[in-house]
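Chemist: First, the structure itself, so that you have it in front of you.
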Amino acid sequence: MEAEFWLQRWQQGKTGFHQDRVMPLLQRHWPALRMPDGSRVLVPLAGKSLDMIWLAACGHQVLGVELSALAVAQFFAENDLVPRISRSRYGVHHHAGNIELICGDVFDLDMQMLADCRGVYDRAALIALPEDLRQRYVRHVYGQLPRDCRGLLITLEYPQHEKSGPPFSVTADAVDQLFQPQWRVERQEHQDILSREPAFIADGVTDLSTTLYRLDHLQDPVAVPSAG
Ligand SMILES: C[S@@+](CC[C@H](N)C(=O)[O-])C[C@H]1O[C@@H](n2cnc3c(N)ncnc32)[C@H](O)[C@@H]1O
């Protein structure tokens, strides 16, 4: 997916992926990670997700990365936060309390930027990317996270021929292939959700489920040159 695609989605208000509440799957499964207070948690392809507010309220240092300046502006405005702005080679950093949201490209992050992240939360991020980009994303972002980093990944599965993404269907086998052996992958919860997703039904999708995985990084990070 080109950057322009996402920038247009935000400009046109086509942001059906955004949830007006914190994800219950996150609230249910995050505590089991036993992430120490103050840990830095990466939220890649963050949008204006309220999950960042929840993670910050848990006492974490949240590091979100989002391409769209509109999404970033809406995140702070809608949560009554006034960010302090700074700039770096990663993009435009917005700081408010224990949330830092970079308006920039996730592929510009490097090992140095990711070195302190003890946690990662991936909702509608991996599955927002087409297959070729997904591999690059996992290598670039997950590959550069430190050993012992752990987190949660939420995917969708549906017959891909019934609808074109995003969001894309990412099967359990595909998750294993993308992450193992560098990461331990544990499936924690699987739900059939078609009846709750009228837009998928309207598109002719006959089967839709969501899966939450716990991820644990077992290897040392490997530096990848940034895109730019
Ligand atoms: C499907 S949305 C999910 C947003 C968020 N995770 C959520 O749960 O609401 C994907 C987001 O990723 C952003 N995005 C796409 N490509 C990106 C990239 N290369 N770097 C940073 N953000 C990106 C898009 O602008 C969009 O807001």
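Placed from the backbone N, Cα and C atoms, the Cβ positions cover glycine too.
Just so it is clear, the model here is predicted, and its values are computed rather than measured.
Here's the feature list from TrEMBL:
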- W10, L45, E66, R123: S-adenosyl-L-methionine binding site (BINDING)
Chemist: Neighbour count, 10 Å Cβ-Cβ cut-off, for E66 (S-adenosyl-L-methionine binding site): what number do you get?
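Modeler: The Cβ of E66 (S-adenosyl-L-methionine binding site) has 27 Cβ neighbours within 10 Å.
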Chemist: Sorted by position, what residues of the same chain at least six away from W10 (S-adenosyl-L-methionine binding site) have a C-beta under 8 A from it?
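Modeler: Non-local contacts for W10 (S-adenosyl-L-methionine binding site): S68, L70, A71.
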Chemist: Measure the Cβ-based neighbour count of L45 (S-adenosyl-L-methionine binding site), defined as the other Cβ atoms within 10 Å of its Cβ.
Modeler: 23
Chemist: Could you list the residues of the same chain, at least six apart in sequence, whose Cβ is under 8 A from the Cβ of R123 (S-adenosyl-L-methionine binding site)?
Modeler: M23, L25, L26, S49, D51, L152, I154
